[in-house]
Amino acid sequence: MWLFDRFVLFRAFSLRGFLNDLPRYIFVTLWMLTNIGLFIGFFVQFETFPRYFYFRMISRQGLSFARAPAAVINFNSMLILLPVCRNLISIIRGTCFRCSRSLRKALDKNISYHKLFAWTIIFCSVIHTAAHYYNYEFIITDAASPQRFEQVPSNPLRNNPLIYLRLLENRSLVLPLDAVLLNYMTYAGITGHIMWLILFLMATSSVEVIRKSFFEIFWYTHHLFIFYFIALGIHQFQMILPFQSNVDVSDPFNCSRLPVDTTGEGCEILPTFTAARPSSYKWFVIPLAIYLVERLIRFIKSLIPVQIVHVEEHPSRTLEIRMKRRFFRQDVGQYVFVNIPSISFLEWHPFTLTSCPEDNPEFSVHIRIVGDWTEALLKKVRQKGSNVRSTIITIDGPFGTASEDVFDYEIAMLVGAGIGVTPFASILKSIYHKRKNMNLKKLSQIYFFWVCPQPQSFEWFATLLKTIEKSLQDEGCPDLIKYEIYLTRGWTAAEARNIYLHEDDIEDPITRLGAKTNYGRPKWDEIFATIAENHSKKKVGVFFCGPPILSKELHFQANKHSTNNCSFSYNKENF
Amino acid sequence: MEDKEIKCGGCPEPCTNQCGDCTKFFCACPPTSRVVYSIWANQQAYWSGWIILGGSLIAASLNLRAIPPTAYGLYTRYLLIPFSLLVILIEYPRGKKRTGNIETRLFQEYIAPIPYFFRFLTRNLFLRSMFYMIFSIPCFFILSTNIGGMTLLISAMFYFIGGIYSENWVPPMLAYGPGSKKQKREIVIVNDPLLMAPPQEELPTLPVINSEELIETKS
């Protein structure tokens, strides 16, 4: 199956799509090259530099294999906080309004970058830890068998290789004879294990199964990141990794081969050692400061009062909240983060705006009651009754690139699947208002496809569609928005029979809309062919929001049906 | 209905909970949670299996013979390899959730019959938790499996919490074996005129709300 998917991806390649994503590809390539460069640079440095000569004798390749991924971890720890600074990204997007849309769209992929950095950190941690396990074991093994160093006459490790570890230098510590004990004597060992546990908890709670079903576990576990940075900061502070400080007077490559008392070869002076200074904190201190400023901005923003205008409970367990706030400018297809301190002080939940720019300064969100937080919200709304407007609610946002591309095409084909219909509420409303104000640019025809398992859960959306349908009919242009609804599952045998019997009714038996509901999945091949036939010499913009499998299919079909006669260009909206 | 109102022995309040079980000697209204901890614990234990496998392979590649105190590690490092493989095998198939769907791992239906075969040994989360707690002890003898031992202890803890919330491993779809059900869809040809009559019950239509204001902006 995945082979087939790869095939579709390969077939779906188009120059336009490639150019659309070009800034993203450039960024990822640059990042990858930096990683590889850091890894190779540090590896070669620790493999060849004379000052690490004596340490290499103990740890073999262990030193290079530990330090090279450490550099990559530092680099990615520096980057990992930046993509989650959403206010910072908003500022960059705002100042770079003139730059190309594809660059701004690259900024919307922030969470994928965050994941990429995180997986790199985990991957390099595995190499780093494995190499250090070897290092600890080598040190213990060498301490137990010093005869290995007797062939190296002037070696400072000759008597006891453990003296080489600065940890034990000038200190009356008992030499441990076990790697486990030695590990827990070092700061690096303790903090390394702490960091591993934190990464483990964070990574296991961010897999899709848990993130989607139990968001709060993911959310709270991710705040362990602060302990990760503290541990990373003190990881090196014991300064036990030494390098030779006098390589210019005592060349280790020569001197290690000569007997101790040799004179005249420039090896009279014994090697001296200093510790490598801690450097990790230099990498992440600035991004951490930026992140803390970001949290401060969020806190200050949360102090701007939000006025609740109207709360309505829809029958399909959906709450509609309309609000007002100063300094709030929305565009189509954006989202906000909502926090209600009386329910949970720390949790911020993202919701797509269902209002359009013409609604300014009011804005609205539709919240489906599915989890703990939303359940608590519903309870609160029911308890307070008409008093609900006094609830303190805080908003962060709006975020996301506006999807105003819809108005740049003559024909727009909008596809919303499942929960992916919510942004189209905003877009369809905006289209309606723009038509009323004769501001529709060149957009002349909209096809809207709604693919869903159960329309019952989006009854408010059907109502909106009905309202738009009715008002367009009243104004004499019922054909501006053509829509089709596809019900993919969720009907019983009895219902199927009922639907069959209602076939000749004017209204659809389920949605009560003028357009008949289709049962089953849409046949995209035929749909695209029909649209291409009806609109020759025109450009069609395909806009999609929903699950990735359907996205691939649509992308493939859009490229397949693009001819000189009628061209489809595919846009996946990032909501 | 009466059972629910009877106060259980030593119970301050009557069991209103659905799963309230008054037949036991103590009041057993198990606590409920929306979070299914065993899913998280499964993910943790599965990854712990791989971490221990990696750690024990590192240990197996070393020459530990020279050092007397690692005598425990000398033998357990080889034992940990099959043990960690066993953990991976048991944890690979994700159990069913009580409500909703759960994402399955690739080809897990071919491995699921193995944990299914062991019945309550693999289904009871307390037993699983105990097994991992015991299994994590030898991990602390060797340095390279220390981290795996810790993560396995964490997963044992979450399995224990899951057990308190009366979760258990519900067998998912099986590809073969005694638990697999091969469902055959029966095709019923309806030619009864009575059945063709319009059904009595109404369709679950969407309620019509007067929401003109949904679209009209307030000036």
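Quick reminder: no glycine exception, Cβ is built from N, Cα and C everywhere.
Taken from TrEMBL, the feature transmembrane segment covers A:25-46 (among others).
Marked as transmembrane segment by TrEMBL: A:66-92 (among others).
Taken from TrEMBL, the feature transmembrane segment covers A:113-134 (among others).
Long-range contacts of the transmembrane segment (A:184-205) within its own chain (CB-CB distance under 8 A, at least 6 residues past either end) are made by residues 118, 121-122, 125, 129, 132, 136, 167, 173, 176, 211, 217-218, 221-222, 224-225, 227-228, 231-232, 234-238, 240. Positions annotated as transmembrane segment by TrEMBL: A:184-205 (among others).
Annotated transmembrane segment per TrEMBL: A:217-237 (among others), in sequence order. When Cβ-Cβ distances below 8 Å are used as the criterion, the transmembrane segment (A:217-237) is approached by residues 77, 81, 187-188, 191-192, 194-195, 198-199, 201-202, 205-206, 210-211, 276-281, 284, 288, 346-347 of the same chain, each at least six residues removed from its ends.
The domain 'FAD-binding FR-type' annotation in TrEMBL covers A:301-405. In terms of DSSP secondary structure, the domain 'FAD-binding FR-type' (A:301-405) contains 27 helix, 40 strand, 38 coil.
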Note to self: If we skip the immediate neighbours and take only residues 6+ beyond the ends of the transmembrane segment (A:113-134), which ones have a Cβ under 8 Å from one of its Cβ atoms?
What the structure shows: 27-28, 31, 35, 59-63, 65-66, 68-70, 72-73, 76-77, 79-80, 83-84, 179, 188, 192, 195-196, 199, 202-203, 206
Next item on the list: Would you kindly list the residues that approach the transmembrane segment (A:25-46) from elsewhere in its chain, counting only those six or more residues past its ends and only Cβ-Cβ distances under 8 Å?
Entry: 18, 52, 56, 63-65, 67-72, 75-76, 79, 106, 113, 116, 120
Note to self: Mean pLDDT across the domain 'FAD-binding FR-type' (A:301-405), rounded to an integer, is what?
What the structure shows: 81
